[in-house]
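So that you can see what the record holds, here are the features copied from TrEMBL:
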- ASP545, GLU554, GLU555: Mg(2+) binding site (BINDING)
- 36-146: domain 'TRNA-binding' (DOMAIN)
- 448-567: domain 'B5' (DOMAIN)
- 776-870: domain 'FDX-ACB' (DOMAIN)
Amino acid sequence: MKFTFGWLLEHLDTTLSLEQIVEALISLGFEVENCHSIGRGFIVAQVTECNKHPGADRLSLCKVFDGVQELQIVCGAPNVRGDLKVVLAQVGAILPSNMMKIKKSKIRGCESLGMLCSLGELGLPGEDNGGIIELSDDYRVGDTFTIDPLIEIAVTPNRGDVLSVHGVARELAAGGYGVLINTCKASFDDLYTEFNYENGCHDSGKVMDVTADHDRTMSHSRIVYSQSNAMIDELANNPFEKSTNAESNADTLFSVCNPAACRRFSGLVIRNVTNCISPEWLRSRLERIGVKSISALVDIANYIMISYGLPLHIYDLDKIAGEILQVSVSDEEYHFAALNDREYRVPAGSIIIRDRDMQLHAVAGIIGSKLSSCTLLTRNIFIEAAVFDPVMVASTKRAMKISTESAYRFERGVDPDFTEKALGLAAQLISDVCAGKQGKIESFFTKDERKFIDFSLSFFTKLTGIEIDSDKAVQILKRLGFAVHILDQCVQKEVYYENPDLRNKKSLATEDSVHDTNMPTDQFGIGSKEDLQIFRVVPPSWRNDITTQACIVEELLRVYGYAQLRSVPLKSKIPVIFNTSKEDRIRELLLNRGFSEVVTWPFMAEKKCSADENLLLIKNPLGAEFNVMRPSIIPNLVEVAQRNIKNGVQIIKIFEIGKIYSTIREEMMVAGLVCGDSFPRNMHEKAHKMDFFDVKADVEALLTSLDLEGRYSFEKCDGPSLYHPGKVANVKIKDREVGFVGELHPRVASNRQIIVFELFLAKLACSLQLKENTFSRFPIVERDFSFVFDLDKVPLWGDIERGLHLISGSIKNVTLFDKYEGDFKGKRMLSLAFLVSMENQRHGLSQEEIKNLSDQIIRFIGENFSGTLRLSC
């Protein structure tokens, strides 16, 4: 969200400086991404003489008068000439664009005592075409050149109410940093109590049809909302200083066929306007924040949107067949020529606006049609201010692959009570700039239930650890625009704190809706009814993100000040517990083995998934690349690896702990990927390419850390489709499959040796209590064994290893260290050599015990795997 400091001061009465305003925004929870202003050393000057540079064809040697003295400056701009007023950066000034300090210098042998600036060098928007700024005669030579400082803040998706200058000013006023200037004040009676939402009747007895036309016919639903009295009187107080002409020449009719898609639609006809180039103040203000000026009508709509947060759309009324518009949800796909001269495909299920002849004039909330766009020849206009369904707008925007300022606001939610006010403000500006005769504001709306939240200060204390005074809390909520109704359960008294903008003295929550005095108190974080004081809070119309007690706590805390949070010593000593979660133990083990943890999106593109997977489709995806929940973490890790390989990373060891999804399950997984050399190049040892056995060792270490040593095994299998069909193994605990480890499929790996693994955490049953291990004080005995096997009867090493551990508890470790295939007694056979470590916790092993263990090993291999001790071959 971009705005200028001067623009903000039109909505906020404050004495704070720019720097203080920035600090205030940060304290209220907004990230200030940029604050651009021009520092000292920039003045208005005049070129008195301009000659060719004697040593360069494309440079000019200029004499520039700064109001005090005449300076020689070398300039390369093609538009520099005599008698031109320019912006001069004096020696010592710092350019905002690149923070370069201007110094006295010689350019091609000629001294230059400053610099003539372009828009880009000052960090200002606009096209300079390589030329310097040409100032008008209104500027006086010698004056300091200043611009309205530009502020840019980051707005989170839930805070659509801050996507306007008025919204930012409202936040600052709520924080106590100034007083909000209500430039569009209207009474509560006018906006709410004048309508009976139950039966669609005006209090004065005028019947208004709020029925929806579901059969797509052109019979209209029309509400005439007279602006001739209170509303216009209130709007007359705004800074535009002209009241709206409420006399009607002819009214445009519109129908809303789907109230769920368009809960409010307001319109205003203005005839005999004179569209023109916008005045300088309007053009410069929009261009300062990067909005291109088009014409007065379009610029005014953009100005209202940025000032107050509600997008408007202006139609050329003469291009609308029958001067009738219909708002509906499309049941088929459309091809659409938009205002930006581009063609778009509008999907079925989008909110569209058509005329009597079914010509498409706008994709609601996103962009208008070229067909009814305003030009300098436009004479009669219809202004639309509406509230469209955020989810439908967001879905259509992504399908069309378009991003507009209008859609950016509608998908976050706009103020439904501001449509008539916005039309009134736009009408006054258009009257000032373009003249014209204005009609009446017409509105369609559905019943708007003002939801309340019951809130207790004890809940605030429970969440934050601090206490806040009741009056202070009410004051903060009032400044934020909330209506607060206190329900005192002890003495059955009700005290109403009224929002200053609301003039009626009635509670928004009727007596029938008040909670019963016997209500449970646990939901408010306390157990004593005597201490219970419940606030019935009604959020303002612009805060659609306030839905729970926790939201109220957040609002109070950010205004009250996060600095109020204090460190409080624990009241009791908590014993140190060495239990740790399974995820933390896995994470620590993998980090210690050289892996890096990554976090990727939990969704991915459907095209990257196998057809046989039970994919969980996303109904409202962020885009085509994120339309299913991920059935596996491996594809995301492959993408991370590919990016790192492109960036020249030689060793990749990454893992992620997260969920995978399908239509039948949701499971926690740990997945890893390894690629490249085993360690960086060095003079001592030659590295090898990491292979299956390196990753298998990592998986074994992981399982061992979970106290699963001796219970796991690896078995060759086909594996999932992402794995190499011949180089993948099942990871099993006893007979239960808990994961896979193997090479990535060659089509995916692209001729690289990439090893991956994945384990189901829920299937890794283990003890998370840290245990003490007592090391034996007796020596370890090691023996080497070498057995030969027939090539057609070679056993799996995992079976040999598990079997040896079952022979005796004194066999602590078995390590395969050699494999050889050759001729033994004239027959081709395979030799496996392994080391067996023997140890006893109670005593040292005797020679007889060692011999008995060795005999058992030889007998076990011979009887179970037909292996022959190599020494006897």
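Heads up, residue numbers simply count up from 1 along the chain you see.
Every residue, even glycine, has its Cβ placed from backbone N, Cα and C.
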Would you identify which of the binding-site residues ASP545, GLU554, GLU555 has the most other C-beta atoms lying within 10 angstroms of its C-beta?
GLU555
Secondary structure composition of the domain 'FDX-ACB' (776-870) [DSSP: H/G/I, E/B, coil]:
34 helix, 38 strand, 23 coil
Determine which residues of this chain, when ASP545, GLU554, GLU555 are set aside, have a Cβ within 8 Å of the centroid of the Mg(2+) site's Cβ atoms, and list them as they appear in the sequence.
ASN158, ARG543, ILE546, CYS551, ILE552, ARG558
What are the DSSP helix, strand and coil residue counts for the domain 'TRNA-binding' (36-146)?
3 helix, 40 strand, 68 coil
Taking the domain 'FDX-ACB' (776-870) alone, what is its mean pLDDT?
87
